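Trainee: Pasting a structure below so you can have a look.
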């Protein structure tokens, strides 16, 4: 069996992410969940917070290890960790088109590195970290869309923001 990485910003990690990661953990010897930084995104949680939340979520899965590599190319991280595959989740055709393009770049950088695409369940196909943040910003309840530690952290962020406005 080979090792794989599942890179993402995970701001925050959602039930859709968890579903894909849990499924992929059964396919590989080791799955590294890699907290990365996307320079085009504005983050709600710090890198350290995202790392801690993801570690809490997967603390009982010995095949999953959560690490942070904020300023590296995905291909470089895969090389460092001895991973032969990159796992990505798909919700819809827009995700497919985006992931196909990224997989093409990664394949150009390393012809031996494969991308494995896993679909989320249809009932989770609408969940995105951006949608979660937007819903929380306006006071909506997302507790059924994210793991419990994430729901608690989102509630705390919202409470702190509301206290700052007073």
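Cβ coordinates are placed from backbone N, Cα and C, and glycine is handled just like the others.
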Trainee: Given Swiss-Prot annotates 41, 74, 88 as substrate-binding, which of 9, 125 belongs to that site as well?
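Mentor: According to Swiss-Prot, the candidate sharing the substrate site with 41, 74, 88 is 9.
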Trainee: Hey, which of the binding-site residues 9, 74, 125, 129 is the loneliest by Cβ count within 10 Å?
Mentor: 125
Trainee: In whole Å, how far is residue 129 (ATP binding site) from residue 41 (substrate binding site) when you measure between their Cα atoms?
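Mentor: About 11 Å separates the two Cα atoms.
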Trainee: Using C-alpha atoms only, work out the spacing between residue 17 (ATP binding site) and residue 88 (substrate binding site) and round it to an integer in Å.
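Mentor: Residue 17 (ATP binding site) to residue 88 (substrate binding site), Cα-Cα distance: 9 Å.
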